[in-house]
Amino acid sequence: MPHSNISRAPRQNLTERVLQAKTAKNLTWAGLAEGTGLSVVYVTAALLGQHPLPEAVAEVVAERLGLDRDAVAELQTIPLRGNVEDVSSDPTIYRFHEMVQVYGTTLKALVHEQFGDGIISAINFKLDIKKVEDPEGGERAVITLDGKFLPYKPF
């Protein structure tokens, strides 16, 4: 039976334990997700408190991290999502806010022009990030946001 949290505290506490264990054991997000059948993005988001994990996956990652049975149960609990209550001052997260501030109206206009009136789902959604070489030197981040379009329906 699925259970859910009504506060962020349980998952935030577990996230701290996950991060401590990951650091102490020198693990990577990709290594934690390996063999689970889920993407590294989904498993990372779950371990950072944003998604529940299926029981078998929760057991695998908890074992890799050295976490107890209570952690396995909490990893399966539906979290209270969205832990950013205001604009983060973390430079990496802030850049995403900045991208939306600069390009948000452009994205909205292009989505509506190409799809009509509606939204892009963050529920039926996939996220991917890849590091690629920049032909001008250095590296670039290619971030793919793949969400189902959901049209508004008159009623």
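Glycine is no exception: its Cβ is also placed from the backbone N, Cα and C atoms.
Annotated features, as they stand in Swiss-Prot:
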type	residues	note
ACT_SITE	R95	active site
ACT_SITE	E98	active site
ACT_SITE	S121	active site
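Cα to Cα, E98 (active site) and S121 (active site) are separated by 21 Å.
For R95 (active site) paired with S121 (active site), the C-alpha to C-alpha distance reads 21 Å. Contacts of S121 (active site) defined by a Cβ separation under 8 A and a same-chain sequence distance of 6+ are given as G147, K148, F149, L150, in order along the sequence. There are 12 other CB atoms within 10 A of the CB of E98 (active site), with all protein chains counted.
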